[in-house]
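Features of the protein shown, as given by TrEMBL:
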type     : residues : note
DOMAIN   : 3-146    : domain 'Glycosyltransferase RgtA/B/C/D-like'
TRANSMEM : 21-38    : transmembrane segment
TRANSMEM : 44-64    : transmembrane segment
TRANSMEM : 71-88    : transmembrane segment
TRANSMEM : 100-122  : transmembrane segment
TRANSMEM : 134-153  : transmembrane segment
TRANSMEM : 215-234  : transmembrane segment
TRANSMEM : 240-257  : transmembrane segment
TRANSMEM : 264-281  : transmembrane segment
TRANSMEM : 293-311  : transmembrane segment
TRANSMEM : 323-342  : transmembrane segment
Amino acid sequence: GFALITGSKQLFDIALGQIRVLALVLGTTSIWLVFLVAKKLYGVIIGLLSAMLYATAPTIVIGSRIVQNENFFIPAFLIIWLIILNYLESQKPWQRNLAAALAGLLTLAKIPWAAATVALCLLMASKKRFKDMLIIGAIALSIFSLYFIYGAVYDWSTFINLWGLQTARAKIGLGNTLALFTHPYLLDRLYPDGWLYWGWLSLAILSTKFKKHSLLLIPVIAYFLVFILAIPGIEAQGWYRYPFYPFLMIAGAAVLEKIIKKPSLLNLAFFFLIAATAWHWGWEEIFGMPNWLFRAIVLLGFASFLPTLWWPEKFPRLARRATHFWLVIFILLNIASVVAHVHS
């Protein structure tokens, strides 16, 4: 659609500038919205850290360069979530209705985007605001009904047959849950990224205090539900995972800020999860990795955190400073990874 608006009538008319401009706008907007959501939930520091991680994590940066539906859904979903968070504070009905209407409109673009409506309803249910939940559901469903009206006007039998064909082609199942970790697709190829694993680990940690972090966890639960029920996870279609990523980075930033203030073995887990892929994509694939350098990195990683855990009185600040140091190194390796991938 965007290519047609910019003057392309056929495939060979499309120029990189026409495609990349939209991707750049969507990606930049998503970074800003990640900051706003994280700031709303956890404050400015975690907001800035979340935005930095989202802006540099290789899988996210490389994935944002493609014009794929999910890259449009991300900023739309974040905007809806910001609106509903404001509604919880202001109690202004128009904000609730606007969020519901936008969520309903998303289903007309792609049915799995009903995750936005599911998230809103789950949020209201968790707050025991069942009247709000019913109103949101009614607004969103009334807009979604336009989809069926369109099918009836065009050709009902064709509409139903195409819908059946689409749902039958996908290899869905419980295996998709494991595929999130065992098949780390970037687009159509495997691209392990430690930042995503750190994000999932952080979500698991935050989920132990669900009430405190429910405003972050509920949208993840909603999209996860739709992902398992309707989206192929094992096939080489990595873009279906993209809507998880803003919330993974916010969770990762929240836990990272916590372990900087109060070091634990999680600091070591953070180091090795990120180092495993950051050094590979950002250094080894470019310059190679001699054995001496690999061993030096491993030993330096242990030396950065274990003394503080064993002798906190003698090394009270070592782990904190080491975490800051390695975070800077990993961000630089993120940038190198993206540049290397783009020019490969």
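Note that Cβ sites are derived from N, Cα and C of the backbone, with glycine treated the same way.
Bear in mind that TrEMBL entries carry predicted annotations, made automatically and left uncurated.
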Near the transmembrane segment (264-281), which residues from the same chain, at least 6 beyond its ends, have a CB less than 8 A from one of its CBs?
58, 191-195, 197-198, 201, 205, 255-256, 289, 297, 301-302, 304-306, 309, 319, 322-323, 326, 329-330, 333-334, 336-337, 340-341
Leading stretch by Cβ pairs under 8 Å, where the reference is the transmembrane segment (323-342) and the options are 44-64, 100-122, 215-234, 240-257:
44-64
Taking the transmembrane segment (44-64) as the first stretch and the transmembrane segment (134-153) as the second, find out whether 3 or more Cβ pairs fall under 8 Å, excluding pairs closer than 6 in sequence.
no
DSSP helix/strand/coil residue counts for the domain 'Glycosyltransferase RgtA/B/C/D-like' (3-146):
124 helix, 0 strand, 20 coil
Long-range environment of the transmembrane segment (134-153) - Cβ separation under 8 angstroms, sequence gap at least 6:
96-97, 99-101, 103-105, 107-108, 111, 114, 117, 120-121, 124, 159-160, 163
Between the stretches 100-122, 215-234, 240-257, 293-311, which one has more Cβ pairs under 8 Å with the transmembrane segment (21-38) than any other?
240-257
Any residues 6+ beyond the ends of the transmembrane segment (215-234) with a Cβ under 8 Å from its own?
41, 77, 81, 85, 111-112, 114-116, 118-119, 122-123, 126, 167, 170-172, 174-177, 179-180, 183, 203, 206-207, 240-241, 243-244, 247, 250-251, 254
Where else in the chain does the transmembrane segment (293-311) make close Cβ contacts, counting only residues six or more beyond its ends and a cut-off under 8 Å?
263-265, 267-268, 271-272, 275, 279, 317-320, 322-323, 325-326
As a test of reading the model: what is the averaged pLDDT for the domain 'Glycosyltransferase RgtA/B/C/D-like' (3-146)?
90
